[in-house]
Amino acid sequence: MVVLLDAGNTNVKLAYVTDDDEIKRLTLADFYQSITSVDKLIYGSVNDSSELKEILTACIDNNITVKKVEVTPSFNNLICGYNVVANLGVDRWLATIGARLTYSENILIIVDAGTAITLDICINQEHKGGWIAPGLMLMQQSIIDKAPGVFTNESINSEIFGTDTPSALFHGSLYALVAMIEKGVELAKKLANEDECSLSIILTGGDAAILNSHLSLNSDVNHDLVFLGLQQFI
């Protein structure tokens, strides 16, 4: 069995590849329970956490082949847009690879909405770079930490314009991220410099669903982008 591992800023996520080349999620408990059936582990990491180190040690102890994926100037025909490729988070690179293999549109807007939110632009076979901003929770927390009068709680109402502080903070942060994505689409179209071009917005990460429900543009939620990228390195 081949296991894929995505070590993000906050969580370690696992999946395995079936005999039909499908990607299925795997819990950490199931990984350890079935470790004797694992032949190979392929991983990308932006955070060498203690949890990741324990997994890698278990792999070594069980003679499992381990492969770490790094960002390279190109993969197949896909070109990395960073001048110093090592500075691009491998999760962003893997998500771009996964998206480019899955979606046929000329322009891809790849949004990973986790602890931080990243937006990457891929035009045809070239990654053009992107943006990094605080994620939905981190954006709220950063304001709370710096503004003593601002607070949040569990009671967030559905009003677009909040009539209490927690709701105003939540929706202000949410629509800041929505605006970021929609502005990214606008600028990507200009960058493509094509009269007619097809475009897809692909969302992944923990806040993908809520962003998808508030965008005024059509978008797709795909939580397997990084795993699809990792799968190419088997």
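Just so it is clear, glycine is given a Cβ too, placed from its N, Cα and C backbone atoms.
Note that TrEMBL annotation is computational and uncurated.
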Which candidate from Thr72, Thr96, Thr102, Thr115 does TrEMBL annotate alongside Asp6, Ala7, Gly8, Asn9, Thr10, Asn11, Val12, Lys13 at the ATP binding site? Thr115
Measuring Cα to Cα across Tyr82, Gly89, Val90, Asp91, Arg92, Thr165, which the record gives as the substrate binders, how far apart are the two most distant ones in Å? 39
According to DSSP, which kind of secondary structure is Gly8 (ATP binding site) found in, if we only use helix, strand and coil? coil
Identify all same-chain residues not among Asp6, Ala7, Gly8, Asn9, Thr10, Asn11, Val12, Lys13, Thr115 whose C-beta atom falls within 8 angstroms of the centroid of the ATP site's C-beta atoms; report them in sequence order. Val46, Asn47, Asp91, Gly114
